[in-house]
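Everything below concerns the one structure shown next.
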Amino acid sequence: MDKRIFGIETEFGISYSSPDSRPLAPEEVARYLFRKVVSWGRSSNVFLTNGSRLYLDVGSHPEYATAECDDLGQLIAHDRAGELILDDLVDEAQERLAAEGFNGTVYLFKNNTDSAGNSYGSHENYLIPRRGEFSRLAEILIPFLVTRQLIAGAGKILKTPHGATFAFSQRADHIWEGVSSATTRSRPIINTRDEPHADAEFYRRLHVIVGDSNMSETTALMKVGTVDLILRMIEAGVIMRDMRMENPIRSIREISHDLSGRALIRLANGRQLTALEIQREYLNKVTSFVAENGAHNQHVPLILDLWERTLTAIESGDTSTIDTEIDWAIKKKLMDSYRKRHGLGLDAPRIAQLDLTYHDISRTRGLYYLLQSRGAVRRVVDDTAVKDAVDAPPQTTRAKLRGDFVRRAQELGRDYTVDWVHLKLNDRAHQTILCKDPFRNVDERVDALLDSMG
């Protein structure tokens with residue numbers, strides 16, 4: 001596919017610190033957080049004027065699903081816009097709590113685990129052609145996704161019986177299957193439930209749920225951009241070496257816990273490779289493919305360069321070449337510097353707090369955003385693009401139709417129903433408009449509906 005639709009769904013961790021007032025359960029805090037949303041949307045599951053979906057997921061985790069994007073920079077801007085939208089809700093919830101005598105602080109974290117060992121996810125969506133065997137696609141992708149944490153992990157302090165250690169991935173220890181139609185019970189690498197949110201005759205949606213939530217824009221670019229490149233190769237019929245793993249679930253944990261990237265992974269055919277060797281195989285294939293076919297977007301040169309530099313950094317043990325671009329390396333540098341300054345071990349409570357605060361989405365409290373304000377991390381998009389994405393949908397996809405409809409209906413106070421493919425005014429006998437093509441940003445039926453609304 002020359003153009004692909006992308007989306008990222010992010011579940012956020014929520015907590016409330018209250019030294020001087022009674023504690024609140026996450027469920028209670030979430031209700032305060034969504035009170036404004038429920039007041040105008042009559043639900044805690046709404047679509048916004050930027051085409052995105054905002055809702056409370058299982059376990060009172062606020063979740064933001066970006067609108068359909070057809071460009072990686074656009075996707076990152078809309079993913080970051082979700083943080084701003086939720087951060088505004090935090091401020092409003094804070095004011096309401098204070099007015100009711102609660103003097104604590106609400107925190108939202110873009111991470112994947114909490115102190116109780118619960119896990120919540122970051123799910124990627126890729127539109128793929130219906131043709132071809134999905135099982136073959138999964139076989140090719142799973143070895144890549146299991147080892148992708150080397151180039152896209154968020155980093156985490158892992159408590160073990162032998163003490164604390166630093167791991168590549170937050171999500172790796174919470175994945176239990178290779179492929180499955182469930183997302184919460186079994187937590188697979190790839191979710192196989194067939195919900196394309198598009199014309200099912202032509203398209204399928206690849207739903208990847210193994211990845212970490214990323215604070216770094218360049219890491220997010222790597223996470224999605226590398227999968228896009230591999231999908232392009234598969235769609236072009238490139239033959240890939242068989243790297244199916246004997247036990248991908250055991251392997252994903254072993255890889256996360258081994259910062260050298262050299263732990264041997266047993267393949268289904270009995271051979272053994274390291275995570276670095278597996279990643280190199282994919283990188284070499286993609287590099288050759290791009291050399292023959294050209295880069296299909298402006299981000300490809302950076303993706304290939306950073307992919308190469310990250311693997312080289314792991315091989316050499318010198319991460320100074322990537323510690324402004326890859327989440328786990330940025331975080332590790334921060335921790336190592338703090339530990340050295342204060343003479344602390346990895347198991348120190350202050351280091352655990354640092355690990356968590358890195359993921360605080362507050363632009364004034366969060367450690368990642370403190371680094372960003374100092375110019376200590378590399379960016380993909382600028383603040384203007386992110387702020388624009390808070391209100392405006394992507395102009396090149398179906399999200400424009402949805403966002404424009406939601407905006408007009410809200411301005412006029414009309415009762416409406418929307419989802420990823422349907423638009424409907426409830427206070428009129430209009431038929432539901434079905435928008436099955438996610439690439440289509442112009443639709444005469446939607447134009448007529450908007451005009452008829454006044």
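One-based numbering along the chain as shown.
Just so it is clear, glycine is given a Cβ too, placed from its N, Cα and C backbone atoms.
Since we're looking at a predicted model, the values are computed, not measured.
For Asp57, the entry in Swiss-Prot reads active site, proton acceptor, with the evidence type sequence analysis. Swiss-Prot lists Glu9, Tyr55, Glu63 with the feature Mg(2+) binding site. The ATP binding site feature in Swiss-Prot is assigned to Arg53, Thr66, Trp420; the stated evidence is sequence analysis.
The Cβ centroid of Arg53, Thr66, Trp420 marks the ATP site; residues of that chain outside this set whose Cβ lies within 8 Å of it are Gly7, Glu9, Phe47, Gly51, Ser52, Ala65, Ala67, Glu68, Ala399, given in sequence order. Residues Glu9, Tyr55, Glu63 make up the record's Mg(2+) site, and a Cβ search at 8 Å around their centroid adds Thr10, Glu11, Arg53, Leu54, Asp57, Pro62, Tyr64, Ala65 from the same chain.
Among the recorded positions Glu9, Tyr55, Asp57, the ones whose Cα sits within 10 Å of the Cα of Thr66 (ATP binding site) are Glu9, in sequence order. In this structure, the C-alpha atom of Arg53 (ATP binding site) lies 8 angstrom from that of Glu63 (Mg(2+) binding site). Just so you know, the Cβ of Trp420 (ATP binding site) picks up 21 other Cβ atoms within 10 Å once every protein chain is counted. In the three-state DSSP assignment, the secondary structure recorded for Glu63 (Mg(2+) binding site) is strand.
Taking every protein chain shown into account, Tyr55, Thr66 are the binding-site residues, and of these the Cβ with the most other Cβ atoms within 10 Å belongs to Thr66. Counting only same-chain residues six or more apart in sequence, the Cβ atoms lying under 8 angstroms from the Cβ of Glu9 (Mg(2+) binding site) belong to Glu63, Tyr64, Ala65, Thr66, Gly121, Ser122, His123, Asn125. Asp57 (active site, proton acceptor) sits 17 Å from Trp420 (ATP binding site), taking the C-alpha atoms as the reference points. According to DSSP, Asp57 (active site, proton acceptor) sits within a strand segment.
Secondary structure from DSSP puts Trp420 (ATP binding site) in coil.
Packing around Arg53 (ATP binding site) is summarised by its Cβ count: 20 other Cβ atoms lie within 10 angstroms of its Cβ, all protein chains included. Across Arg53, Thr66, Trp420, which the record gives as binding ATP, the greatest C-alpha separation is 11 Å.
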